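First up is the structure itself, then whatever we jot down about it.
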Amino acid sequence: MLIKELSEQVKKDLKDYFQERDYMVIAVPKKEPVRVYVVKATNTVETARRIHNLSPSATVAMGRAIVGALLLTSLLKHGTNQKLLLKIEGDGPIGTIVVEADAKGRVRGFVGNPNVDTYTKEVEGKKKFDVAKIVGKGTLTVVKDLGMGKPYTSVVPLISGEIGQDIAYYLYQSEQTPSAVAVGVKVNEDGSVKHAGGYLVQTLGGTSEKVKELLEKRILSLPPVTEMMEKGMRPEDIAVEILKDMEPQLIGLKEVEYYCPCDEEVAKASLFLMSTQELEDLFNENELAEVSCNFCGRIYRFDRSVIEEKRELEKKKGENGEKKD
């Protein structure tokens, strides 16, 4: 395990190494069982915005979900093939938000309505996106695939629709871990992403009441994540601010990115979910069949030859005693 004091030199080294790339830091105080995860995801959310041609409101809502899903990868074993799916189903105008993230820091997602109109509200005299209205009331579902057979699924009600609070509620209800979660996205006048990031603070068993109270007061006094990023603060700086006077130590790093592993074989497999007759009907009406990936927008095109491939597949299944589709 990487263990380094979060000194000025270490912070400089991190800045020199990651530069403008997105990444997550994991930090702990020297003497208390507390974990702090801080992620910068500006480029990742901007990639999602461009892929899905998101409106500013959709960018902020989906961006928060992306940041939240990346923070939730703290539940996964680092560097493995474990992954999780975060699904927000509200009755607001954006519809369903789906984000998938894995233990290697790769994330992808999509929203029901990428062109949702702008909804704003006044907060301390400043105009902010009204994410709660964009999302609406509904449920938050987290599906963890730990590579152990059946995935673990948890569903909790959305308590605010602001996404950060909803994730904290999920962690408390489903993981029995008291947590503070902050997620934020700031967009430029042209709709592009200026800042996106967030943090997750968890107090584990054995944390003293004094430290719990100190952390609670400190977190309540922190400015929004995007304001800290606007001041030039990087993930390690925010971690140090949260763990100030607790001898913060760096114990983990992870680069994050928008990544979709879809390919032609995966797309073809989705066609094979159709029966041979359904494929025949499809190609009687169309010269080519198109399969579009919801996560990245790639389009895969197939001709009638897939019908013969489907027949061959069914023939092999029959020979092996498997049930045909």
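Cβ coordinates are placed from backbone N, Cα and C, and glycine is handled just like the others.
Taken from Swiss-Prot, the feature disulfide bond applies to Cys260-Cys262 (among others). Of all Cβ atoms in the shown protein chains, 18 besides its own fall within 10 Å of the Cβ of Cys260 (disulfide bond).
The disulfide bond annotation in Swiss-Prot covers Cys293-Cys296 (among others) and is backed by sequence analysis. Over all protein chains present, the Cβ of Cys296 (disulfide bond) has 19 other Cβ atoms lying within 10 Å.
If you measure from the Cα atom of Cys262 (disulfide bond) to that of Cys296 (disulfide bond), you get 8 Å. Annotated pair Cys296 (disulfide bond) and Cys260 (disulfide bond), C-alpha to C-alpha distance, rounded: 6 Å. Neighbours of Cys262 (disulfide bond), defined as other CB atoms within 10 A of its CB across all chains, total 18. Within the same chain, residues at least six positions away from Cys293 (disulfide bond) with a Cβ under 8 Å of its Cβ are Cys260, Cys262, Ala267, Ile299, Tyr300.
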